[in-house]
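Quick notes on the structure that follows.
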Ligand code: M6R
């Protein structure tokens, strides 16, 4: 998705902004641009380019100096990727420059009105209407000009505005698209993502929806779009700048898969209470009486987070005996759902900024529901909109394809399920059993990661497949779904996940030698049923790769994973399939960290 970075201070701004843009590359984009000025400069200087940041860098002239600037990586929504459509956008008199994340819903009407008044547009973007609206305002201050322009706009935005006549400041505003201020020593930063800031400062202020800010080199203030002053409390970002480096790996995906033992250790740290065989989740804001009153749990997320939520729902049903299910947030928000006061809603998101999830949370809150968050990014929009929750502490996840965050989110659900279980019917013995299982996870993940060479060799045998089927039953089904998403996202091989129990009801028709099946076969009460599914596939000459706790005779290949408690097995069974997807993609020469058409955080509809 689009990225914003801005700076005002004393340093040479262009290299700083280009470096910031590079740190945002992981979000996915198709063009980039930068505009700069300085207190002594007469106007604004801008460079834009379709393609990568390095192409933009190549176009930056030698004498492109200044101390204030804003820059952007664009993900095309209105208008194709091109130099003209790249941000920043400038007014005809070259005095106003804007970078924008989000979508202006009424851009077509606004554009028609502005064109009827003689405004000439230079791009096909929705953003350009904002530039002209700001440029037309005759208010005394830049803040007021931006405020007046925003009054006409419907939709979502995170914007940064530079004006040649007010070049001692950058004005920013947020509505549905993240904006973070970074506080330095006599310098200020702005970005859509802390990744662009942490190399310079870890003191940040996250704007709320409906909030604006003016940043100057030595000062900043925040206020609402209506003009009332707000209180900005700076917080310290936990993540180090180094956490965003590749750390000796060839790709972020590989780095993040490898980091899982430590990441899981972090999500468990300080939360286990051996004395009462339970866990403490400090941020839950749900007392025991309230927790006992919950009649249902509804988990909402998108993509991988939705799959983690499906495993979470299963764990909550098993350990807490509360009916639970997961649903894509993107569907939920559009189906006018019945909001039930006895249901606990849980929003799941790595980024904490996914628009579909945020919109679902806002709709639920409007209707009086209690919503918790299971989120990775501390202080993100979903973390702040929810009534409490569990941080998953996976550390920054840069690869577009989610891996360590999936695992940590599922572990966080294990903790939530155990907590809810222990204040209801779950016995001390079962609590203890689950805690022991959770503690084993980091070492067991390390064991799985050691089999990478074997998984790589296997993956290379499946690269010819045009399509693959992933099957699993009950606990194994969401694992199959997530593994199939991983494979298609990163290798572009078509993959479809089905409950193993549904084979006979349709997908068996697909089975033939050229259609491999990946089967999740845990050693649990459904082992024999899963084995029967393998027989059915083998009888039709289908090739099978099983992920199991013991070698499966009917499978052509088995990846054996360590056994944990039945309820926690799904956490481990997905990990070899992350490596499988990775090595398949590597063998096919894919752009692993930035798969085509995908963005890291989907902050638009
Ligand atoms: O940041 P979120 O967890 O809310 O993101 C949700 C999905 O967009 C995300 O999981 C997506 O499916 C990833 N590309 C999965 O690898």
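Placed from the backbone N, Cα and C atoms, the Cβ positions cover glycine too.
Keep in mind that TrEMBL annotations are predicted by a computer and have not been checked by a curator.
As recorded in TrEMBL:
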- 2: active site, nucleophile (ACT_SITE)
- 600: active site, for Fru-6P isomerization activity (ACT_SITE)
- 2-218: domain 'Glutamine amidotransferase type-2' (DOMAIN)
- 286-426: domain 'SIS' (DOMAIN)
- 458-595: domain 'SIS' (DOMAIN)
Subject >> the domain 'SIS' (458-595) - residue tally per DSSP class, helix then strand then coil >> reply: 63 helix, 26 strand, 49 coil
Subject >> Within the domain 'SIS' (286-426), residues counted as helix, strand or coil by DSSP >> reply: 63 helix, 28 strand, 50 coil
**OP:** Restricting to the domain 'SIS' (286-426), report the mean pLDDT as a whole number.
**Re:** 95
Original post:
According to DSSP, does the residue listed as 'active site, for Fru-6P isomerization activity' fall in a helix, a strand, or coil?
Top reply: coil
**OP:** Taking the Cβ of residue 600 (active site, for Fru-6P isomerization activity) as the centre, count every other Cβ atom within 10 Å, in any protein chain shown.
**Re:** 25
